[in-house]
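Student: The structure is given below, and queries will be raised subsequently.
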Amino acid sequence: MIIAVSGKGGVGKTAFTTLLIKALSKKTNSILVVDADPDSNLPETLGVEVEKTVGDIREELKKLVERDEIPAGMTKLDYLRSKIFEILVETKYYDLLVMGRPEGSGCYCSVNNWLRQIIDNLAKDYEFVVIDTEAGLEHLSRRTTQNVDVMIVITDASKRGLGTAKRIKKLANELEVKFKDIYVVANKVKPEYEELIDNYAKELGLNLIGKLPYNKEIAEYDLKGIPLWNLPENNEVYKKVEEIAEKIINKKF
């Protein structure tokens, strides 16, 4: 199952992604995490260090091609494939691939196509693939999120935020991006506003799969730079993310 997590910057997208990965890791360690947001701090929230990104490999290949220094007996595709496996961060709970800098001007279309092909093939070896996408709508307009089973849009607890989720859903339909399901998660919802959020979501035709409360413990972790991966399992928000994961896996929504 391929799950993409989207949302505007600052709504808690990466925090949700981290807790979702933690919840899924209780069921299996066959998880590929793809950090496709160049502005994301997903490795930090997961508590892992990343030495190289896919963007770094792309730039290295461009320089090798310009200098005609591709290793003997290797095609450019072979080189890319070997390097992708080298930079894959393997942990006990999941494997992580960080995309890094976006495709710059003047880079080779064939290289980018090869990269997508390699990553698509790699993804087939995992039970779950979780993609932390770019903030906003860019990944949809460029069609960089492909073959996704579930898109989860994270929004803040406001009518404007839910309106953004509605636009993401509309853009996906216009671009004919195929998702089996699109769900919305409202973040930092005050208890007294839960019913209002439910009504707004219904009014906009959104599948609101969960509402997460503001959480002091998460705010403290963020402030102190503690990886959210270390959040205790009895944390209220983590337990709600576990419930969301169950709904998605078991199609109980």
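Heads up, the Cβ atoms here are built off N, Cα and C, so glycines get one too.
Features from Swiss-Prot:
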- GLY7, LYS8, GLY9, GLY10, VAL11, GLY12, LYS13, THR14: ATP binding site (BINDING)
Student: Write out the long-range same-chain contacts of THR14 (ATP binding site), meaning residues 6 or more apart in sequence whose Cβ is under 8 Å from its Cβ.
Tutor: ASP37, SER40, ASN41, LEU42, THR45, ASP132
Student: Would you find the one among the binding-site residues LYS8, LYS13 whose Cβ has the most company, meaning other Cβ atoms within 10 Å?
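Tutor: Its Cβ has the most other Cβ atoms within 10 Å: LYS13.
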Student: Between the binding-site residues GLY7, GLY9, GLY10, GLY12, whose Cβ has more other Cβ atoms within 10 Å than any of the rest?
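Tutor: The largest 10 Å Cβ neighbour count belongs to GLY7.
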Student: In which DSSP state, out of helix, strand and coil, do we find GLY7 (ATP binding site)?
Tutor: strand
Student: Counting only residues 6+ apart in the same chain, whose Cβ is under 8 Å from the Cβ of VAL11 (ATP binding site)?
Tutor: ILE154, THR155, ASP156, GLY161, ASN187
